[in-house]
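Below is one structure, written out as structure tokens, with a few remarks after it.
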Amino acid sequence: MTGEPPIPLPDLLGNQLSFLAILIVGLTVLRTALEIGYPDEPAFVLLATPAPDVATGLVLAECVRVVFVLGVPITAVWTVFAFGMGAPLLVVTGGISVALFLLACVLGGYLLGLGVTPVVRRIGHRVLYGLLAVVLAVVIAGLERTPSPLASFPEAVRSLEAIQTPLSVYTNLALLGSPAVSTASPVGSILSIATAVALPLCLLGAVRTVAPAVWWRSSQRSAGAKPTRAAATGHVPFKSHPSVRVARIQILRGVRNPAGLAHVFVAAFVLLPTGVSLLGEPLPVALLVGPPIVSVATVWVAGALFCLNPIGDSGPMYSQLVLATVPDRCFVDGRMLAGLVITLPPATILLAVAGIVGPITIPQTAILTGVTVLSAICATAVGSGLGCLVPATHRSTRADGRTVVTPHLTVLGLYSFLVGAGGLVGLLLVFLPEAFTIVVPSVPADTIQTWGGLALLTSCTAISILSYRYATVRFVRYELY
């Protein structure tokens with residue numbers, strides 16, 4: 001039985017491109033305002049090279065990153081679709097369309113980021129992250145048509161859906177390889193090609209014009225900036241143990257310079273669509289699905305905050321830290337403790353509230369809380385080991401003039417994979433062991449839960465101990481050039 005698809009293919013692609021465009025533009029604006037909006041060592045770079053060329057290099061480097069990270073998997077999926085449709089030419093038109101679409105999104109996001117940079121310099125970073133999270137949540141809620149406060153304002157929802165109209169040029173360009181699915185007229189196809197090619201060029205020209213003005217104006221304003229306030233007293237609480245003092249210093253550094261934790265905030269926006277989608281579910285469903293998500297997110301954040309680059313974060317102070325009288329392991333212990341102190345208390349409260357008012361029973365809540373605590377400890381140890389294995393030492397200049405070091409992308413990706421895979425397997429073993437009977441149908445679920453849980457606990461403990469020992473040894477033996 002054949003018939004028309006429930007959603008026309010151009011409309012379906014338009015919906016997906018709308019969501020992807022908002023996500024890429026939002027993340028690019030955030031990265032521009034906090035990280036890539038300024039060149040490293042601007043006092044030297046801007047005197048040696050014309051500012052428009054510097055801006056072009058920065059934004060094109062970001063375009064290359066986005067094309068490799070998002071363009072390759074999108075093109076791979078599109079290739080499978082094209083051969084499934086029996087239209088290999090769709091691979092060419094789709095690949096070109098994806099590349100031009102990503103270029104336009106990154107260039108537009110960079111341009112918007114340059115525009116909001118003067119505002120970012122006047123407000124706190126925590127306020128900025130909160131505002132951006134609210135805006136993205138509202139936009140995603142409107143696009144996904146989940147119940148939200150915008151439901152009472154049809155005009156606002158229609159304005160959000162109107163973003164699909166300019167993106168239709170990329171949809172038409174992608175579908176040109178197959179006349180069977182393309183709905184554009186010859187004139188419309190020509191206009192789509194011209195618009196898709198001209199838009200990135202126009203945005204690049206705007207970036208080359210706006211960036212020098214923003215940089216020179218910001219540098220003049222920064223010249224008269226007041227020095228930061230020093231500590232009022234020399235009293236340092238919690239002097240009982242060096243690890244506690246190291247943890248306190250890490251937390252204070254994160255509060256005073258949150259741009260150094262940009263990798264955590266960027267990852268939070270990846271989880272934002274999941275959180276927004278729960279708003280459209282009934283309350284019992286949200287209370288059932290929410291606690292496992294909180295558990296996995298807590299475990300990931302605990303290790304990602306301060307443990308993914310112990311050596312690189314120390315920077316110029318690394319040699320002094322190695323020569324200090326503080327025990328070597330305290331520098332690793334303090335970072336682990338800082339991540340646990342920030343994440344575990346609020347997560348425990350959220351899980352307890354969900355266990356009281358939600359469908360999850362009190363014993364299940366206690367088990368989930370215990371698993372979260374143990375997994376968070378393991379995650380901090382594994383993150384420390386990975387961070388010391390591939391330390392990142394390159395310092396980049398942020399919008400406020402500070403220099404920070406972010407973890408290596410390889411470390412961040414491997415750590416996220418280990419935490420995500422381990423967390424998923426652990427949650428299934430605790431709450432849904434029947435899922436593994438699909439793989440081993442001859443083994444009872446109780447046996448899978450018992451022996452699988454022991455195997456997972458043993459492997460996680462062994463990996464954590466080895467990672468911790470490696471981190472403590474590597475921290476004092478690494479040669480920082």
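Every residue, even glycine, has its Cβ placed from backbone N, Cα and C.
All TrEMBL annotations are machine predictions without curation.
What TrEMBL annotates here:
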TRANSMEM  12-30  transmembrane segment
TRANSMEM  66-90  transmembrane segment
TRANSMEM  96-120  transmembrane segment
TRANSMEM  127-143  transmembrane segment
TRANSMEM  190-211  transmembrane segment
TRANSMEM  260-279  transmembrane segment
TRANSMEM  285-308  transmembrane segment
TRANSMEM  337-360  transmembrane segment
TRANSMEM  366-390  transmembrane segment
TRANSMEM  411-431  transmembrane segment
TRANSMEM  451-471  transmembrane segment
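Within the same chain, residues 243-244, 246-248, 250-251, 254, 284, 287-288, 290-291, 294-295, 298, 301-307, 366, 368-369, 372-373, 376-377, 380 sit at least 6 positions outside the transmembrane segment (337-360) and bring their C-beta atoms closer than 8 Å to a C-beta of that stretch. Counting Cβ pairs under 8 Å to the transmembrane segment (451-471), the stretch among 12-30, 96-120, 285-308, 366-390, 411-431 with the most such contacts is 366-390. Below 8 angstroms of C-beta separation, residues 17, 20-21, 24-34, 36-37, 58-59, 62-63, 66-67, 70-71, 74-75, 78, 128, 167, 170-171, 173-174, 196-197, 199-200, 203-204, 206-207, 210-211, 214, 217-218, 399-400 of the same chain, each at least six residues beyond the ends of the transmembrane segment (96-120), sit close to that stretch. Contact between the transmembrane segment (285-308) and the transmembrane segment (12-30) is absent: fewer than three CB pairs lie under 8 Å, with pairs separated by 6 or more positions in sequence. Listed by sequence, the residues of this chain that lie at least six past the ends of the transmembrane segment (411-431) yet keep a Cβ under 8 A from its Cβ atoms are 263, 267, 292, 295-296, 299-300, 303-304, 308-309, 364, 367-368, 371, 375, 379, 382-383, 386-387, 389-390, 392, 448-449, 452-453, 456, 460.
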